[in-house]
Amino acid sequence: MEASITVLLFAFTKVASSLYYEGSGHSDGEIQTNEVYVESRPLGPYRAPRWCYDLHISDGEATCYSPLGPRYRSTLGTRCRLSCDQGFKLIGQSSVQCLSSRRWSGNGHCRRIQCHVLPPIFYGSYHCSVGVSEGSRCDYSCAPGYMVEGDRSRICMEDGQWSGGEPVCVDLDPPKIQCPVSRMKVAEPEKLTARIFWGNPQVKDSADGVITRVFLRGPEPGSELPEGEHVIRYTAYDRAHNRASCKFIVKVQVRRCPDLTPPLHGYLTCSAAGNNYGATCEYHCEGGYERQGPAARVCQFSQNWAGTPSTCTPMLINVNVNSAGAFIDQFFEKQRLLFISSPSSSDRYYRMQTTALQSSGCGLEQRHVLIVELIGESPREVGRVRNQQLSKELIEELRQVLRISRSYFNMVLIDKHGVDRDRYRQPTASEDIFLFIDTYLLSPRELSQVESNKENCD
């Protein structure tokens, strides 16, 4: 009996050994090193049989359930669920069963989850925590002058895809611009303006260094600028249309002297603005007055007038001259002369004329008209101007030079340049004489004075 049992066991062992063939998942003493492998071990006792070899999965876990209980992991009918560690993905079947053929119904292995390599980003870069593995976080940064637009970080997900979208580096930083310093310049002599120059602004783009346009708002360098403050603005644009502006002030200063006071019985004529640096003011006296002092004064850079003020004093008439020309020349640009000649002081025309002029003294003075009388015939002729008497020789020469008749009444009007302007052979109303003077002889300034003082004369 015992011999029979021994023979049967030996025969069963031979049969069992013949079932181990290549590809069956069984081998003598073999340990597989692939990601899912079967550990070779000899068959245990019958009461703890291992029909299939134990499952091992690299970077994962096999959870098995046997009909005989938790102690049995590879008995016939055992089911195992395969899973992978974090960051790995199962390739193959997720559940296998130990079959009667001593094989597992399938196999699987764990592959590391990886995302594709992110493309480079223009004007920037990215840094990833663990490369392209699952869970890796890639943070984007941009070159100086650029900013990230879009997702600043992307994470490699479990499905092997990156979260979010691909960002870009955009130039949002405006260029740097620095204007020239503000400046002030004194207006040029006799001018209310100054020509001012300045350099170009300093412009730099913090991104790619390219400045496309620079605009100027205001006058150009080298412009002739009037008195006051002028704001100069520059605006620069980079290639991304970002802009930056700066401004500075250009000031033109006009140095001025105190206003001059016109002399009594006189007036001033000034160049430029009248009291600015370099302006010249000339003194003038009204008819019948002479200037005492300098003819002009100049406003200096120190804002003071050169010289001393002038005055206007009554004109001194010199009747002790040797010729008619010398007599008339002393009134040059000072007085107009109205010569009245009559054969006698009792002449009717003479008396009518003098009566009319006596009531028009204000009008004559306003128009700078001085009356010179030549009365009578030689040797009893009389000549006078104001309260001064003329010599007989001067009377005779004046009549000859001016071609004035001794035998009848006549008048001659001489302008301030000694030119014969009009003649009268009959008594003439003062208004008619004044109308001729106002129309043809008065300067615009003199006419304005006559109009402004008209009420005083009336």
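Cβ coordinates are placed from backbone N, Cα and C, and glycine is handled just like the others.
A disulfide bond in Swiss-Prot ties Cys84 to one cysteine from Cys64, Cys98, Cys110, Cys115, and that cysteine is Cys110.
For the domain 'Sushi 1' (62-112), the mean pLDDT of the prediction comes to 88.
Mapped onto DSSP helix, strand and coil, the domain 'HYR' (170-254) counts 0 helix, 48 strand, 37 coil. Secondary structure at Cys299 (disulfide bond), taken from DSSP and collapsed to helix, strand or coil, is strand. Look at the domain 'Sushi 1' (62-112): DSSP puts its residues at 0 helix, 25 strand, 26 coil. The number of other Cβ atoms within 10 Å of the Cβ belonging to Cys285 (disulfide bond), over all protein chains shown, comes to 22. When the C-alpha distances from Cys169 (disulfide bond) to the disulfide-bonded residues Cys84, Cys285, Cys299 are tabulated, the minimum falls on Cys84.
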